[in-house]
Amino acid sequence: MEPWPLLLLFSLCSAGLVLGSEHETRLVAKLFKDYSSVVRPVEDHRQVVEVTVGLQLIQLINVDEVNQIVTTNVRLKQQWVDYNLKWNPDDYGGVKKIHIPSEKIWRPDLVLYNNADGDFAIVKFTKVLLQYTGHITWTPPAIFKSYCEIIVTHFPFDEQNCSMKLGTWTYDGSVVAINPESDQPDLSNFMESGEWVIKESRGWKHSVTYSCCPDTPYLDITYHFVMQRLPLYFIVNVIIPCLLFSFLTGLVFYLPTDSGEKMTLSISVLLSLTVFLLVIVELIPSTSSAVPLIGKYMLFTMVFVIASIIITVIVINTHHRSPSTHVMPNWVRKVFIDTIPNIMFFSTMKRPSREKQDKKIFTEDIDISDISGKPGPPPMGFHSPLIKHPEVKSAIEGIKYIAETMKSDQESNNAAAEWKYVAMVMDHILLGVFMLVCIIGTLAVFAGRLIELNQQG
């Protein structure tokens, strides 16, 4: 294949590019020969520059609950017509649009009114698209840090209402009129956040007048966003562990008191919960404006564990009581031994023996029998001469002392068994009560908000 056709094609393309560049160069030179970027682009100074504003939300970067700052990545689309930048495409080789630096032309000085921490105005001056009709489109990117009142009452099942208020800084409505491109911001290129989802968004125009100049309107466009937090992270890492700690606390009452491990388990649960709370405390918004739901639940869990320790001490104290230190009141015996076990069907729990040693140790007569079992002499009364013998009398006194000692020991053992039985009944009752309180407390903290969110859809 001959190389000259390729050379010819390359030469024609190069000539076209040079010619096109020449047309654009002449056009730019002509447009900006006497152009001033500080003068409003109108034919008559009484005319109003109409600026159409559109907000494209790209990313929700951060929501700072403590400082109440929402950081977003946006593109601020602005369109207007510049009377001084029109041309006839036929005079410039058919060039209908060009890209020029935004610093060279007049621009509406739009700023974020509710700026919290950052630049009020746009700092990235990208190029604008200029058409032969004078229509200008400028879409600069910006990182906005806007103030938003963060209400953490329902955290982590919360919704936040935030807004971005845009307007010109120096121009009032009589010289520059701003209008929203749409009643909603553009979310077509929005990158989903792992923590927030935008449920609702809208935009509207405001016109405000002040007492100093009632005939002069000041315009702004406010974009409003309703953001709902995705709570899965907090459910898995905070709520479920706290719930498990609560259930583990209830199991303290399932552990037998005789094992001696009740207090060990209770203190271990408390220490584990304390370390856990120290680890996750940074996940909770540190604000004093309100106590979030998750903070209430963590407080409930801590009180729940401490209450179990206090009650465990009482149960252990009850278990180790004895007649020498405590006398069981009749109401305790009636409630915890006679009534509650029957009501709660504690049939498997062996009740303490309450038989009293009220038999007479001695009878009026003493029957003396032979060791071999053969009948002995007739019974002798207390007035028998043999009974009055000193050695026999001493033996009888010894037998009487032994019997009374055995009776006292038996009564002491029965009383101690009753206290242990009362402690066992208390354990069974508290096991059910604490498990029930754990479930009811969890539902009381979160159920109301979850039902409300479900009704909202």
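Note that Cβ sites are derived from N, Cα and C of the backbone, with glycine treated the same way.
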Task: State whether, in Swiss-Prot, ARG321 is on the same side of the membrane as PRO292.
output: no
Neighbouring C-beta atoms (10 Å sphere around the C-beta of CYS213 (disulfide bond)): 11
Query: Which residues, given as numbers and ranges, are at least 6 beyond the ends of the transmembrane segment (428-448) yet have a Cβ under 8 Å from it?
result: 157, 239, 243, 246-247, 249-251, 253-254, 293, 296-297, 300, 304, 308, 311, 315, 340, 344, 346, 349
- prompt: What disulfide-bonded residues among CYS148, CYS212, CYS213 are found with a C-alpha within 10 angstroms of that of ASN161 (N-linked glycosylation site)?
  reply: CYS148
Task: Could you measure between CYS162 (disulfide bond) and CYS212 (disulfide bond) for me? Cα positions, answer in whole angstrom.
output: 30
- line: Per the Cβ under 8 Å criterion, with at least 6 residues separating them from its ends, the topological domain 'Extracellular' (449-457) contacts 154, 157, 293
Message: Within the same chain, where does the topological domain 'Extracellular' (286-296) have neighbours whose Cβ lies under 8 angstroms from its own Cβ atoms, ignoring anything closer than 6 residues to its ends? I mean 6 or more beyond.
response: 65-66, 150-158, 234, 238-239, 445-446, 449
